[in-house]
Amino acid sequence: MNKQFLKHLTEAHSWLGLIISGLLFIVFFMGSISLFRSEIYLWSVLPHHTPAQGEVLSPSEIMKLAIEDRSFNAKEHLTLVSPTAEIPFYKVYVDIVLAEDATTDIDYVSLLMDPVSGEIVANIDDFYLAEFIYQLHYNLNIPNGGYIIGFVTLFFLFALVSGIFIHARKLFRQFFLYRTNEGKRDQLLTMHNVIGVMTLPFTLMYAITGLIFNLVIIYQIAFALVLYKGDQQALLVDAGYTQQMPEWLDKPLDTSAEVDTLVAQYVAAFGQPPRVLRAYNYGDTSALLHMIGDEAGKFVSPVEQVFALDDGETLFSTTPESPNSMTTGRIVLSTLHFGDYAGMDLRLIYLLLGMGVCVLIVSGNLVWVEKRMQQRKSSPKSIALVNSMTLGSTMGVILATAMAFLFERILPLGMAGRDESMMASFVASLGLYLLLAWLVSDKRKMLFISLIATACILLTTILADWVLFHEQIVTALNAGFLAVAGVQIGLAITVVLFVTVAFSLFNKHKSDVHDSGFSPERNKSLADEALTQS
Amino acid sequence: MWPKTFAAIFGGCLISISVMLNLNYLLPLDVDTRLFVGLLMAFPLWIGAMIWCYASDSGWHAWRRCGGLLLVSIGFNTLFFFS
C-alpha cells in the first residue's frame, strides 16, 4: 500500500480516535452494562415488590385497572407491554387529558403493574437506573444526543476501517502476537492491535447497526424527497411501518372481550403473547388493536397486526408467512446489536467484547500520549490535557455509574424526583471527577484511589441491599427471581477486580520506583508525568 | 485535518446518498428489499468516501476527489429522476 496513503490514514485514525474517545467510552461502557438492563431493572424493583404468584390477568382486565380513576384520553393510545421471563410485570402507558392548570406537558402516565394481582407497583420511571444507563448509551440523555452519538459512531467505523488498512499487512501474521518485553509504547500498541483485531467482527457489526439506528434519518429524508417525491408516508409503508389514525366516532362500545379473543388467537397462531398491545380510540366503536411481537422459538420472525375491535377486520398484517424485507432485516440488525437471541452466556461474551473495546479506547489514547512524549516538539499542555481527559472520561464515568447504583438503592420509593436525584448523583460525581482529573497531577495515585473508592461504593451498595431489604430479597429468591442476586454477584466481581487492579498498579509503581532508585525529586517528576509512565 | 473532516463528512454523505439513490433505481429487486440493501450499504459507502478524503493531501484535494465523483453520480440521479 502507498506509504503516503497509510501516513494520512494513521494521522486521521489517531486524531479522530482521540476526539471521540471520551464519548465512545461512554457508549461502549454503558452499552455493555445495558446488556443486563432487565436484570438491573428487576434489581431496582424486586426489593420493593415481588410479583404475586398465580394466574395472570387478561390484557383487558389490566387495561380496565390501568384507566380506572384516571382522566384517560381515549382518543389517543393505551399501550401494554406484556410481562416476560425477564420483566415479570405489565408496563402500561396511559395517555391522559391534561388539566387546564397542569404544570407539565407530559400527557401520559407509565405504570408498572403486577400481572397477577393487577396492583400498580409504581410509575415505571420511579426505577430509572436501567433506562438512564441505556439512554446514556445511545443518546447521552440529552436533546439531540442521538445525532451526536451517531456521528461518534460514524468516526468509530472510520477508525475501524482505517485501522484495518493501517494494520493490514500484520492482520493475520501477528494475530496472536503479544509482545511483553518491548517498551511501554510497543506494549500498549500491541494491546491496542490485538484487541482491535480480535473484536473486529463484533465492532464492525456494532458500528454499522448503531449508525443505522441513530443516523438513518439522513437517508430517510433523502429517499422521501427524491424517490417518493416528498411523500414520507409512502416510504414508511414500503419500509413496513404502519401508522394508525382511526377517526373518533363518539359511539361508546365495550370491546374488552374482543381484545382478549384477538390476543388468544395471536397466542394460538404464534405460540406466545404479543410483546406490545396498543389500543386506539379504546371504548369507542372506531377502536383498533395493534399487536407487535414475534413467533416463538424463531431467530427472527416479526409479527405485526392491526384489527378493528368492533368487527375483527384485519387492517394490517405482517407475519413470517408474509414478510417485509425491511422489517425483517431491521429486526435482524437489532437482534444482533442487543445480543438477545441466546441466553446469558452470549450476553456475557458480548459484555467481555464490549469491555474489550473500552480497553481498546483507553490504550489508543495512551499510545497517543506515549508517542507525543517521545517527540521533542510535543506540547506538555496537550499531553496533560489528554491524560486528564482520558482519566476523567473513563474512570470518572465508572465511578459515577457506581454512585448512580448506590443512589438507586438507597433513595426511598415515593420520594419526589427520585429519578432526578439518581441522575444528579451521576452528573455531580462525573463533573467533580473531571475537575479533579484536571487539577491532580499524580494521575496514577488518583487512579489507585478511584479504583478503591469505586469498589467501596459498590460494596456499600451490596451492603445496603441486604441491610434495607433482606426479607424482600429472600422472598424474591424463594419465588425464583434471581436478578437481585445476579446483579449483586456482578457488583461483587467488579469490586474484586478493581481492588486487584488497584493493588497491582500500586505494587508495580513501588517496584518501578525502587528499581529506578527512589528520591523525592524523582518521585515528584513521576507524579507530573503521564498516566502511563512508571 | 479540519478541512479534510468537512469534506469527509459532507462530501462523503452526499456521495453515499447519491450513489444509493442510483442503486435504488437500478437494482432489480422488490422495493422493501431495495430499501434494506440501501440501508446496509449507505454507511459503508460513506466510510469509503471518508477514507478517500482523509487519504488526500489536503482539504482542497479531498473536495476535488469528492466533487468529481459526486458530479458523475448526480448526473445519473438527474437522468433517473426525469426519465
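Glycine is no exception: its Cβ is also placed from the backbone N, Cα and C atoms.
As recorded in TrEMBL:
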type     : residues  : note
COMPBIAS : A:512-527 : compositional bias 'Basic and acidic residues'
REGION   : A:512-534 : region 'Disordered'
TRANSMEM : A:12-36   : transmembrane segment
TRANSMEM : A:147-168 : transmembrane segment
TRANSMEM : A:189-222 : transmembrane segment
TRANSMEM : A:348-368 : transmembrane segment
TRANSMEM : A:389-407 : transmembrane segment
TRANSMEM : A:422-440 : transmembrane segment
TRANSMEM : A:447-469 : transmembrane segment
TRANSMEM : A:481-506 : transmembrane segment
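Where the transmembrane segment (A:12-36) meets the stretches A:189-222, A:348-368, A:389-407, A:422-440, A:481-506, the count of C-beta pairs under 8 angstroms peaks at A:348-368.
Tertiary proximity for the transmembrane segment (A:147-168) is limited to same-chain residues at least six positions away from its ends with a CB under 8 Å from its CB atoms, namely 1, 5-6, 9-10, 12-13, 16-17, 19-20, 23-24, 27, 138-140, 193, 196-197, 200, 203-204, 207-208, 210-211, 214-215. Outside the transmembrane segment (A:481-506), and at least 6 residues removed from its termini, the chain residues within Cβ reach (under 8 Å) are 36, 38-40, 42-43, 46-47, 50-51, 88, 405, 444, 447-448, 451-452, 454-455, 458-459, 461-462, 465, 473.
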